[in-house]
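For reference, the structure discussed in these notes is given below.
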Amino acid sequence: MDYEIENNHADSIRRGSIEVICGSMFSGKTEELLRRLRRAKIARQTVEIFKPTIDIRYDETDVVSHDKNAIASTPVDNSANILLLSSQVDVVGIDEAQFFDEGLVEVAQQLADQGVRVVIAGLDMDFRRQPFGPMPGLCAIADSVTKVHAVCVECGRLASYSFRRVQGDQQVMLGELNEYSPLCRTCYRKCSSPPQTEEIHSTI
């Protein structure tokens with residue numbers, strides 16, 4: 001259920017809030033973000049949507065889910081630009097928040113204090129299972145946090161982790177199912193362990 005009822009235009013006072021949708025890759029974060037933003041538009045609220053310029057996997061400008069559902073957005077280089085471009089709106093949506101700078105936390109706080117409903121989606125952990133970008137800070141200040149899960153491709157259980165199947169130590173590497181797989185804790189540990197080699201003892 002959404003944190004805030006969307007069709008609240010009858011209220012004379014705008015009530016700001018911060019909603020965070022987080023989880024692993026392929027967990028439906030963007031899909032849930034799009035659902036909430038579409039409902040806000042149906043309620044005749046003014047909506048502005050942003051994504052980092054680095055995210056060009058499906059489209060250079062639109063926010064696109066893995067299911068290929070899309071909504072028009074504005075790509076921005078840094079979080080400060082979101083403040084500059086968010087005047088006179090009721091709802092601000094932000095996708096792939098993990099790729100933004102740490103200033104996004106303060107940007108979200110300022111927007112909510114101004115009465116804007118801020119809906120944010122992003123990876124909470126990187127491929128090493130470490131906190132990713134500004135997501136920990138955003139979860140800390142959020143009025144609501146929705147943790148969504150993918151399905152583990154190895155065993156079918158709920159998956160919380162994004163396992164990288166290609167070589168590379170850099171934290172940011174855009175990819176799809178060929179490069180990343182959603183895994184549960186047990187399967188992540190199994191896939192992360194170095195392969196066991198049989199010890200061969202020579203006999204005389």
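Glycine is treated like the rest: Cβ placed from N, Cα and C.
Some features that Swiss-Prot has for this protein:
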ACT_SITE  E96  active site, proton acceptor
BINDING   G23, S24, M25, F26, S27, G28, K29, T30, D95, E96, A97, Q98  ATP binding site
BINDING   C152, C155, C184, C187  Zn(2+) binding site
Which listed residue (D95, E96) has most other Cβ within 10 Å, given these are recorded positions: D95
Fewest other C-beta atoms within 10 angstroms, as judged across A97, C152, C155, C184, C187, which are the binding-site residues: C155
Cα-Cα distance, maximum over G23, S24, M25, F26, S27, G28, K29, T30, D95, E96, A97, Q98, record's ATP binders, Å: 15
Euclidean distance between Cα atoms of E96 (active site, proton acceptor) and S27 (ATP binding site), Å: 13
Three-class DSSP secondary structure - M25 (ATP binding site): coil
Nearest of the binding-site residues (G23, C152, C184) to the residue listed as 'active site, proton acceptor' - Cα to Cα: G23
Residues flanking the Zn(2+) site, with Cβ no more than 8 Å from the Cβ centroid of C152, C155, C184, C187 and excluding those residues themselves: V153, E154, G156, R157, A159, L183, R185, T186, Y188
Cα-nearest neighbour of C187 (Zn(2+) binding site) within the listed binding-site residues, G23, K29, D95, A97: G23
